[in-house]
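Below: the structure, in structure tokens.
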Amino acid sequence: MSSAIDVRGLRKSYGDKLVLDGIDLNVAEGTIFGLLGPNGAGKTTAVQILSTLTAADAGEIRVAGFDLHQNPEGVRSAIGVTGQFSAVDGLLTGRENLIMMADLHHLGRREGRLRADELLERFDLVEAGAKLASTYSGGMKRRLDLAMTLVGDPRIIFLDEPTTGLDPRSRHSMWQLIRELVAGGVTVLLTTQYLDEADELADQIAVLDHGRLVAQGTAEQLKRLVPGGHVRLRFTAPDDFALASQVLPAAARDEEALVLQVPNDGSVHSLRALLGRIDDASLEVDELTVHTPDLDDVFFAVTGQPTVETSPEKVTTK
Amino acid sequence: MSYALQDTATMLRRNLRHAQRYPGLSLGALGMPVIMILLFGLVFGDTFSAGLGGSGAGFDYIDFLTPGILLMSIASGTMSPAVAVCMDMTEGIVARFRTMAIFRPAVLTGHVLGNVLVTIVSLALVVGFAVLIGFRPNASLGDWLLAAGLMIALTVALTWFAIALGLTSKTPEAASNVVLPISLLLPFLSNTFIPLESMPSGIRWFAEYQPFTPTINTLRHLLLGTPMDSGDGWLALAWCAAIAVVGYFWAQKNYNKGTVA
């Protein structure tokens with residue numbers, strides 16, 4: 001698979017403050033890449049550099065196949081950016097904002113209007129389309145912002161903290177929109193400080209802390225980096241529970257619920273070993289669930305920080 | 001090239017919509033010169049006339065004043081684009097424009113053209129009110145066209161310069177202050193309101209060599225046929241060209257600061 005974004009040795013400092021300290025990134029086409037990190041980790045700076053807004057101090061950067069230093073215009077023609085701070089024109093209506101974008105992409109008068117109306121429809125802004133964007137709620141502004149980014153059919157979209165400050169409902173509708181984009185073949189690089197958001201959306205996650213990438217992989221791979229995984233076995237018969245406790249002495253017991261928690265990293269190999277022991281003892285297990293650590297644990301393990309800011313709404317999918 | 005024109009036109013449309021929906025800035029730019037011409041023409045006019053030209057024979061202060069007020073409208077009109085461009089830069093929308101493959105100078109050029117249009121309206125208003133209170137130019141159509149061309153050239157030049165200043169400002173308030181030397185100092189320290197001969201020597205020296213004086217002389221010559229130094233017209237154009245070039249490149253440099261150009 002070819003790379004939509006390829007970055008090697010990206011560095012940036014502001015004065016004597018080092019913001020990005022040698023970042024390597026590779027984003028495959030048609031995937032969602034999540035750049036995860038706390039405030040001040042350098043996420044926004046990374047997006048600003050990749051979207052040609054800020055010049056890097058060092059590093060080789062290719063976006064959509066274009067060398068960013070040699071051909072920033074080529075990069076600009078392939079990307080769309082929705083920043084952390086709303087990039088809509090408050091003194092224009094939603095529809096006028098979209099038509100302005102269509103004009104800047106030289107779509108032509110008729111085509112531009114059609115595109116604007118189609119996006120208003122898709123982003124649930126038809127009624128709001130005739131109102132000034134400055135009167136929009138946070139969630140509406142963010143939707144208009146993303147719709148404006150899509151006017152030019154970009155192949156690569158940068159989303160800098162797309163759901164920061166949104167209420168849970170707007171947040172979920174934004175997630176849905178992002179998934180639809182990628183289903184249409186677009187590549188998305190998103191930054192977030194919410195672990196659950198990266199977990200929900202991203203195919204690949206890179207954890208950024210103090211300007212360095214401290215871990216990279218799929219959510220599952222990252223979770224396996226940290227100890228603390230276990231397999232939970234629930235029994236219906238007290239006899240089986242008692243026997244299992246003898247066979248698996250390392251397990252934590254919950255006699256009331258007839259539940260054993262067996263330490264296990266969740267890999268195929270160790271699961272097979274555990275199942276073998278259950279079979280050998282002819283144990284009747286009512287329910288077996290594998291628990292890998294969540295990204296909270298990962299973040300703590302790789303950054304040494306207790307936690308990032310918690311999300312406005314904790315989505316638990318266990 | 002055609003994209004350059006299209007993109008600039010798109011930005012101009014945006015700025016004209018802004019002027020229409022947030023009229024405070026442009027109304028100020030339109031109203032202030034009208035107030036000035038009425039104030040100086042009607043309220044102070046007789047006194048100035050008496051003080052400057054003696055008992056009035058052959059000297060009509062409103063004729064002397066109007067070309068000066070026209071330039072003053074151009075100067076005071078530079079404040080709104082400086083503030084607007086600074087407000088633009090503090091909002092996300094310009095960051096969006098800078099990540100798009102659009103004609104790079106379009107955003108700023110749109111501001112300049114928008115201000116040129118507002119200024120033309122403002123100049124027309126000033127001429128209208130001036131005629132109402134006694135301004136009697138004896139210019140031919142050709143003279144009027146030359147005068148209009150010179151005024152537009154000065155507007156373009158000063159607007160680019162004001163926009164460059166606006167881009168260096170962190171806040172809109174700072175932007176409105178930083179253009180004050182253009183919008184207030186240059187018009188007052190020139191022969192806008194009074195002839196050079198009546199000024200104290202230090203200020204007179206400054207007034208003689210600053211860009212407004214030859215421009216006003218040229219304008220008075222074109223509109224009223226008053227005598228002027230033969231070089232004043234060219235000097236005025238040279239000032240316009242120099243201010244425009246410096247303003248343009250400085251503004252572009254500020255706009256592209258820190259980005260991959």
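Yeah, the Cβs are placed from backbone N, Cα and C, and that goes for glycine too.
Keep in mind that TrEMBL annotations are predicted by a computer and have not been checked by a curator.
In TrEMBL this protein carries:
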type: TRANSMEM; residues: B:21-44; note: transmembrane segment
type: DOMAIN; residues: B:24-258; note: domain 'ABC transmembrane type-2'
type: TRANSMEM; residues: B:64-87; note: transmembrane segment
type: TRANSMEM; residues: B:108-132; note: transmembrane segment
type: TRANSMEM; residues: B:144-167; note: transmembrane segment
type: TRANSMEM; residues: B:174-194; note: transmembrane segment
type: TRANSMEM; residues: B:233-251; note: transmembrane segment
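In summary, the transmembrane segment (B:174-194) does not lie against the transmembrane segment (B:233-251): fewer than three C-beta pairs, each 6 or more positions apart in sequence, are under 8 Å. Taking pairs at least six residues apart, the transmembrane segment (B:64-87) and the transmembrane segment (B:233-251) share fewer than three Cβ pairs below 8 Å and do not count as touching. A Cβ distance under 8 Å defines the sequence-distant neighbours of the transmembrane segment (B:108-132), meaning residues of its chain 6+ beyond its ends; these are 8, 10-12, 14-16, 18-19, 26, 29-30, 33-34, 37-38, 41, 62, 65-66, 69-70, 73-74, 77-78, 80-81, 84-85, 88, 151-152, 155-156, 159-160, 163, 251-252, 255. Listed as Cβ neighbours of the transmembrane segment (B:233-251) (distance under 8 Å, sequence separation of 6 or more from its ends, same chain) are residues 108, 150, 153-154, 156-164, 167, 211, 214-215, 217-218, 221.
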